[in-house]
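Okay, structure first, notes after.
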């Protein structure tokens with residue numbers, strides 16, 4: 001990765017503008033999960049300890065661009081940062097004329113999405129951000145796939161543009177899993193639809209030794225063998241793609257399934273289920289998880305892996321009745337000696353549910369950015385940092 005790194009720069013007395021992902025869930029003015037704020041702390045502390053004048057920026061929610069809306073204000077985030085850093089962090093609403101800070105001070109610009117032109121990567125807005133700093137630090141991997149003024153444009157015009165520790169860590173982990181993986185490399189991809197993950201499956205099939213599919217994706221592969229899948233979620237039109245992938249790489253999917261006849265609007269933690277061989281599913285049944293044989297087989301594959309990339313659950317794990325497959329495979333990843341990289345919202349929820357965060361080598365904070373990187377797409381914000389580093 002040929003980008004400048006914040007840790008290599010002398011920041012003493014410099015105005016340092018850090019783009020972070022502080023887009024946290026807020027209910028009735030209270031932050032319900034501060035995971036992203038906690039993740040941003042090492043970068044902020046590094047800049048403060050280096051004697052920089054630290055200015056932070058982030059988006060929050062989806063306000064109407066160009067309009068101030070109190071519910072999307074970053075004030076609760078600033079209050080939490082003040083607590084965690086033990087120093088006052090003010091929210092700056094009117095920053096165009098510049099922000100006066102002493103060395104070691106920290107302030108937070110108000111929600112970047114209140115600024116007209118943010119999403120369009122507006123040049124004038126990008127230059128206005130750039131004028132606030134001597135060094136711009138991109139540290140928000142979760143927004144690196146968007147070319148916007150606070151992620152991409154500002155990096156173009158800032159005197160110096162570099163990657164923060166969080167972004168650099170993400171890129172290193174992705175490179176370790178995808179560019180030069182220790183083998184065997186196993187990719188576990190779950191989720192509802194083949195269509196939304198087809199490019200991911202394609203890209204991973206070229207890198208991994210074994211491609212394991214779960215969830216609704218597995219159902220489409222089961223159907224590609226000519227088997228009945230009853231009421232299960234699957235994509236008939238993508239059966240040819242499933243067959244093609246099976247020819248191109250070793251694909252592992254359900255050989256036995258957990259099924260239910262309970263309509264989905266009545267699902268609960270104790271919904272009744274049955275176990276069926278993959279070729280014995282009845283017309284009125286719906287596949288909602290791996291059967292025990294499949295889960296055990298996948299767990300064994302994961303146990304022998306040296307690199308694991310995990311994106312998506314094996315079943316409808318939100319309900320305990322349908323969660324066993326996800327639980328067994330998640331535990332196998334946690335117990336594995338492999339370098340394991342996990343990403344995507346549902347995956348993080350599963351890691352949370354089974355309390356496995358400290359057993360996964362690297363957990364990616366970016367949903368869309370994670371998938372686009374896996375697909376082999378260039379992330380605009382990272383590409384801009386590379387361009388600036390080459391100057």
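The backbone N, Cα and C atoms fix where each Cβ goes, glycine too.
The shown structure was predicted, so the numbers you read here are calculated from the model rather than taken from an experiment.
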Additional site residue, 80, 113, 183 [criterion: listed by Swiss-Prot with 21, 22, 23, 36, 59, 60, 61, 62, 146 for substrate]: 113
Identity of the ATP-site residue among 176, 197, 206 (reference: 318, 344, 345, 346, 347, source: Swiss-Prot): 197
Candidate binding-site residues 318, 344, 345, 346, 347, pick with smallest Cα gap to residue 61 (substrate binding site): 345
Among 61, 345, which are binding-site residues, the residue with the most C-beta atoms within 10 angstroms of its C-beta: 61
Packing count at residue 23 (substrate binding site) (other Cβ atoms within 10 Å of its Cβ): 20
Other C-beta atoms that fall within 10 angstroms of the C-beta of residue 346 (ATP binding site): 18
